[in-house]
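Presented below is the structure to which this report refers.
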Amino acid sequence: MFRLFSSGVDDLVLVSNPSNGEVTSQIGARFDRELIYTNIGEVLIAVNPYKALPITGPEFIKLYQNASGSDASPHIYALAERAYRRMVDENESQCVIISGESGAGKTVSAKLILQYVTSVSPNNSSGGGIGGSGGGNGGIPQYDGGSDDRPSPPMGRGMGMPGMVGRGGLPTRGGGPPSRGGGPPPTRGRGGPPPPIPQNRGAPPPVSNGGAPPPVARGPVAPPPTRGAPPTRGGGPANRGGRGGGPPPVSTSRGGGGYGGSSKTVDVEHIKKVILDSNPLMEAIGNAKTVRNDNSSRFGKYLEIQFDDNNAPVGGLISTFLLEKTRVTFQQKNERNFHIFYQMLGGLDQTTKSEWGLTQATDFYYLAQSKCTTVEDVDDGKDFHEVKAAMETVGISRDEQTEIFRILAAILHVGNIRFQGEAPASVIDETPLQWAASLLGCDPTFLCQSLNHRQIQSGSARHTQYQVPQNPDQSAGLRDALAKTLYERIFDFIVARVNKAMSFSGNCKVIGVLDIYGFEVFERNSFEQFCINYVNERLQQIFIDLTVRGEQREYHEEGMKWKDISFFDNKIVVDLIDGNKPPGIMRVLDDVCKTVHAVDSAAADIKFMEKLIHSIQSHPHLVISNTGSSADEFTIKHYAGEVSYSIEEFCFKNNDNLYASIVGCLQNSTYQFIVSLFPENIQDNKQAPTTSSFKIRQSSSYLVTRLSACTPHYIRCIKPNDKKQPMNFVSSRVEHQVKYLGILENIKVKRSGYAYRQLKDIFLNRFGKIMDVQPRNVQEFVEYITRTHKDINADEFEEGKTKIFVKNPETIFVMEDLLMQKIDPIGYKNRVQAYKENEKLAQMKQGKHSMKQKCLIQ
């Protein structure tokens, strides 16, 4: 109705002779006009512009809020509007699945979805309907594709266009070069050793550097902590450190309390603020600079916004998975550790830094090893204060903030501990050990012994505990395990606090937004890329199942005339990785880890490769070029292309052990906050250890279950070039993504199929209101609508066994307008008027940016 301007084909379903090349050309033609969004029916294609575009903001939110599906050109706000309205109209949960490779712009797309939904939803839960006064979110930032170089600030500030790019190099057990023992650069003066630590509560008596620490005896041994149980609407009681106790490796714990209760007691504006302000906090602890992106997400996040019966956001839940813990101890050249370390060094006051022995990033091995400690145009100190403000918003007290930053400071000192000699290894320089012990509230001798001895429990009935001295390499491995464990517990604590601040226990609908690592392939790929790409295979499987296979299956089940369209089914790749019969790669890996977990890591990796060659070498999507004794990599033919994986440390990383000596040391800390982060008891050689691959299979299945319970909406993000160059469209690079994302197959199904389908009763209950008398059946409605409205043809409708199908979306748009005119004529008139006014404002805003481009809204 209001399609005023046209620039190219805004819906690829309209392409006459679709091919991968033609689709790429159409996307490129729009991109050249700074139109970064294109539709495939209801699937949105989003191309990263790597520059700021004035296509977001309050004017555009109002414009899309008041527009029906026929009113607006492709835009992420249009998709967000559709998801929100469907939740309202159909009373069903929705989800937005954002996919694409690293650097394609998934994270900023997720932010824009959240901004739109919090803006258009009511500000209170006691009254409402749809489209309240907005979320009090201040100014909405412009779409910036080229400068996503710091954690996203709260609303009203600038934002960037991140991707999710990983590192190529990976850590060794000793922490990488310059030696297997790990090794920071020579430290500059830090003003002497740290102050004495507080009186240790119950610490063991001091022993010499070379001796064995006393065994940790704290009662029955509990299984290691997992990353939390699947969420429940009720939130559940608080737990120590906010770590859930269920098996799935997804961090979702709410920590209890918060804003739980009925919707009548919920401060909706506070919930909106938590949802938006948690972004810079989550990015600070979960994002990092990589070689291809200055703000790369190094974890997966699924955020569910919970809505009450009045469609107001009354709660939320963040589920996290696949945190890249190895980044704490190793980054490849020109990458950085997680943002929070640099922010802390840049933002803490000098007194606190002196008390904690903090100087500059180049003095700490965990930050200096990559030769990159700063990012252009990023003020880490300024970002630190924004992060602290976000912590206050989510209910992390100032005392708790101090505890968190003290632990982060301790991690930096832990990284500077180096070892030498024979087993048990001795510490080269006591200063970083003293600082780490002081900040962790541990006896320095006990901490040292926890690193140069590993506690083992015998498999006999007596379960005798004994100490195994560690050489420098092994001690460095324990040192890095300590650092990664501390960081993971802090990460989970913060996630739990964010969830506590959004906790809601009433009945609700949700809109979920998935932001996860993109597909990764580098010169050197290891266990991390293997896991990331497996999850992306699962997400691609969901997309294919719901948009291609599922749609064709539905036509057959409904008795429709349909000729199947061929497509690549990546189930064969998923089964290669996680299959049970025959066993997939993960099952083979777990089996090796169970049988040889006490053996040297390198020997375990060799055994893993031998079993791969023996059991699944013949698989059509697995390539093992070298099958001899020196075989050290395998290649998987993924849906997105071939990736070769180095087997080095596959078994070590898959075991992901939590060592008893380390836990025992931290459980004896004088700081109760640290003790609360480690409530469990642990033994090293559990009979059936929980492996990383097992956790990943569980978390991906959990995620698939959550997504499958919602009506899905898809955003397919595309990276136009590999150098982050603004408005540079490399056709060959884009066409490769168009091909492996299955966009062409999706277009063909949409062109041959139906844009809308609904159960007959629901359809008649809604659109039957257009008639003066409720129709008795679909045929009666079709006869009426085609007789009274000449622009609607009878062949637009097809009746299946249980559902009614409509071929073109324009028909639905017309019927929606007719329905609004019938049930709310005044509101419809006001909506049209508001649309026209907002359209003028949007055109004026964009006109200032470019005289050549008339308007995004057509």
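Each residue, glycine too, has its Cβ placed from N, Cα and C.
Database features (Swiss-Prot):
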BINDING   Gly100, Glu101, Ser102, Gly103, Ala104, Gly105, Lys106, Thr107  ATP binding site
COMPBIAS  126-139  compositional bias 'Gly residues'
COMPBIAS  157-182  compositional bias 'Gly residues'
COMPBIAS  183-228  compositional bias 'Pro residues'
COMPBIAS  233-245  compositional bias 'Gly residues'
REGION    121-265  region 'Disordered'
REGION    712-722  region 'Actin-binding'
REGION    821-858  region 'Tail'
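Residue counts for the region 'Actin-binding' (712-722) under DSSP, split into helix (H, G, I), strand (E, B) and coil, are 0 helix, 7 strand, 4 coil. Look at the binding-site residues Gly103, Gly105 and count other Cβ atoms within 10 Å of each Cβ; Gly103 has the fewest. The 10 Å shell around the Cβ of Lys106 (ATP binding site) contains 28 further Cβ atoms across the protein chains shown. Its Cβ placed at the centre, Ser102 (ATP binding site) has 24 other Cβ atoms within 10 Å. Cβ contacts within 10 Å of Ala104 (ATP binding site), excluding its own Cβ and spanning all protein chains shown: 27. Listed in sequence order, Ala46, Lys106, Gly518, Arg716, Cys717, Ile718, Lys719, Gln737, Leu741 are the same-chain residues six or more apart from Gly100 (ATP binding site) with CB atoms under 8 A from its CB. Within 10 Å of the C-beta of Glu101 (ATP binding site) we count 24 further C-beta atoms, all protein chains included. Using a 10 Å Cβ-Cβ cutoff, Thr107 (ATP binding site) registers 29 neighbours.
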